[in-house]
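First the structure, in the form of structure tokens, and then the observations on it.
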Amino acid sequence: MSHNTFGHLFRVTTWGESHGPSIGAVVDGCPAGIPLTETDLQPFLDLRRPGTSRHVTPRQEPDQVRILSGTFEDDRTDGPVTTGAPISLMIENTDQRSKDYSAIRDKWRPGHADYTYDMKYGIRDYRGGGRSSARETAMRVAAGGIARKVLGDGISIRAALVQVGDRAIDRSRWDWDEVSNNPFFCPDATTAALWEADMDALRRAGSSTGAIVEVVVSGVPVGWGAPVYAKLDSELAAAMMTINAVKGVEIGAGFGSAAMRGEDAADEMRMGEDGPVFLSNHNGGVLGGISTGQDLVVRFAVKPTSSITVERNTLDRNFEETVIETRGRHDPCVGIRAVPVGEAMAALVLADQKLRHAGQSAY
């Protein structure tokens, strides 16, 4: 199985399976001299951690990350700092319940990677999905914490859930402070309360639903990215598409641009006191694959969780028709915990872009 590494100069390789003894990552290309401890990474992992509300999987994992290499401390440093060597990260799995999957070991869950993994590799770890499980994203979040350190305090990466099922937020009520006040990372308190009832009904029905996550990055200077095949927006889109269950990505106005007229979609410019000023941001902070200095705006759609208790038709490994219902502990809406993962993927792309920009910029 190849392609477990993400990035160019700032690279992250993840390893491990949902029900294995541990999961981990190796971060390569991190500059030396950056202060780094586990406490810098843990807050981001706590946001993604399972078992935090009744609206996510009840699997109880503390997700305590350990830094095994790549940092050093002595009397000349103010705490551990990165050395430039690969940084190894590890999280132990402590609450596996593999017996929950014995009934589906030879059946393919509709909408899941079971079928394609079997067809490609001839073998799959059916316990929680193995490598295809969203459990792997914990290591992306940990690595994303390191990427944020590389980016520095001048760049802010925030994300929110803006739609669950067919119920979207009211953008006139958007409040970033509200995101940390509810279990959905929702910027609209009124809609978050409605989602509570929606999710309770879904859980009782044994079903699931999809969602849309919006990521907003502030502070990226003009000039990051490259034309043609290394466009900043194409790399952000590709990064979001690597997240489990993501089926669509848009930048700025995205698909809504198709309904606009040219004079409306183009972001007009004026000269301000400190330089050029854009009058709108329909292009999501990127033109020609290069950042404009405006906010980067990315949205991605997450399909409903495939593991549900509703009985469905499928095939087994002998290509015999059968029915399946998936027991175990699953997210009724995987989009909720995808919010911190979306932030992490944006951080990984931008840390890589920062290092690449340093070698290509005219300024």
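Placed from the backbone N, Cα and C atoms, the Cβ positions cover glycine too.
According to DSSP, Arg48 (NADP(+) binding site) sits within a helical segment. Feature annotation from Swiss-Prot assigns NADP(+) binding site to Arg48, Arg54; the stated evidence is sequence analysis.
The FMN binding site annotation in Swiss-Prot covers Arg131, Ser132, Ser133, Asn244, Ala245, Gly288, Lys303, Pro304, Thr305, Ser306, Ser307, Arg329. Its Cβ taken as reference, Thr305 (FMN binding site) is surrounded by 24 other Cβ atoms within 10 Å in the chains shown.
Neighbour density for Ser307 (FMN binding site): within 10 A of its CB lie 25 other CB atoms from the protein chains shown. Look at Ser133 (FMN binding site): DSSP puts it in coil. Packing around Ala245 (FMN binding site) is summarised by its Cβ count: 22 other Cβ atoms lie within 10 angstroms of its Cβ, all protein chains included. Note: the Cα of Ser307 (FMN binding site) and the Cα of Arg48 (NADP(+) binding site) are spaced 19 Å from each other. In the structure shown, across all protein chains, Arg48 is the one of the binding-site residues Arg48, Ser133, Lys303 with the greatest number of other Cβ atoms within 10 Å. Shown in sequence order, Met1, Glu17, Tyr117, Asp125 are the residues of the chain, 6+ apart in sequence, with a C-beta less than 8 angstroms from the C-beta of Arg131 (FMN binding site).
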